[in-house]
């Protein structure tokens, strides 16, 4: 279990995988084939090649060891597990040496658009990479600017955390964007188009935009990969999306986190991976921009549904059934739009869904919880100082589902509750009364 858990945080290699089959003969004379996956032969270090040679011998020892917790068999299994772990660590170190990049060394300035909790956390994450890296936050609030520049604290979000001194804030787009090597976009989706149009004259056409915003534009059904180039008037604007299970507060506390960057430009994704990766943040890469964006948008709506179930005290059985159904609905729509199924079971899919649906730090889950407890949506939204993207995304999701002819009963119910056309209690009754069908 330790090895499996640790594998989540080991470096990701974008190179093709090689499969090595080892035939092992057990004492019962039944032939067992074990398959090992690794980098292509050209990427193997000498140490890895040597380790490959005795893999069959150790596998045979593990298979032939007597069952049970005691005796020599237990010691042998522990020895095999220990050696496997040591090999994993050696491979990790070797991979890091081979894949060192000068991205961090050559990056002089990064700009962050937006001063919310996640934009602030990402600014701190990047600023910690090296002391002479200039990180400029473009904000609209003069008070927050002064707080960051004078006290190194965002007085509005994450107030208990001091920011690195190489982070500065400004309300001037020209000052913030001048000479930037990378741009992190952390403005809520519904405000992104107008915001970007306002700063477009200051944006270098080759400046890579890394989107942190999750959701769909309500009236147009556009994702950020469509909004950014269109708002900037540059269809070739380099674009990357960053997503995955991550709360800003835990990033600030340097707790272990894993995320994914997706871009159609493989080299650009690898560059952003190197820019962000740290001992507490593991970054994987993907070329499935559609899958990462759609999963990130739809999980917010599902989180509202999960919160409603919690607020109504409907129990764990109901919660599990609802989230499972919601995951299926997300898969149906995303794959129709061209997403890869593997993306939906990865960090930006299942990982982000689990975090957002089951953890109280989730804004969207808390909106649902309060709706399920009987509060009115207007009261809930007026009491929040941050945006819950799932509220505005819900209607767009259903319009998108109709466009692609996909039935989404759970997410449709959320949209109707938000529009005040259905009470949570009535929604549950109608969902439970749907026809008993074959699971797909």
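Using the three backbone atoms N, Cα and C, a Cβ is placed for every residue, glycine included.
As the structure is a computational prediction, the values presented were derived from the model and not from experiment.
Summary of the site annotation: Swiss-Prot records substrate binding at 363, 364. Screening the candidates 206, 214, 254 against this entry identifies 214 as the one listed for that site. Swiss-Prot tags one of the stretches 57-76, 77-96, 97-116 as region 'Disordered', and that stretch is 57-76. Matching 165, 329, 379, 389 to the NAD(+) binding residues that Swiss-Prot gives (114, 115, 116, 117, 118, 119, 191, 214, 248, 363) identifies 389. Across the structure, residue 116 (NAD(+) binding site) and residue 363 (substrate binding site) place their CA atoms 13 angstrom apart.
Only 299, 389, of the recorded positions 248, 299, 389, have a C-alpha within 10 angstroms of the C-alpha of residue 364 (substrate binding site). Other Cβ atoms within 10 Å of the Cβ of residue 116 (NAD(+) binding site), summed over all protein chains shown, number 22. The substrate site is set by 214, 363, 364; from the centre of their CB atoms, other residues of the chain with a CB within 8 Å are 300, 303, 356, 362, 387, 388, 389, 390. For the pair residue 214 (substrate binding site) and residue 389 (NAD(+) binding site), the C-alpha distance works out to 7 angstrom. Note on the recorded positions 214, 299, 363: the fewest other CB atoms within 10 A surround the CB of 363.
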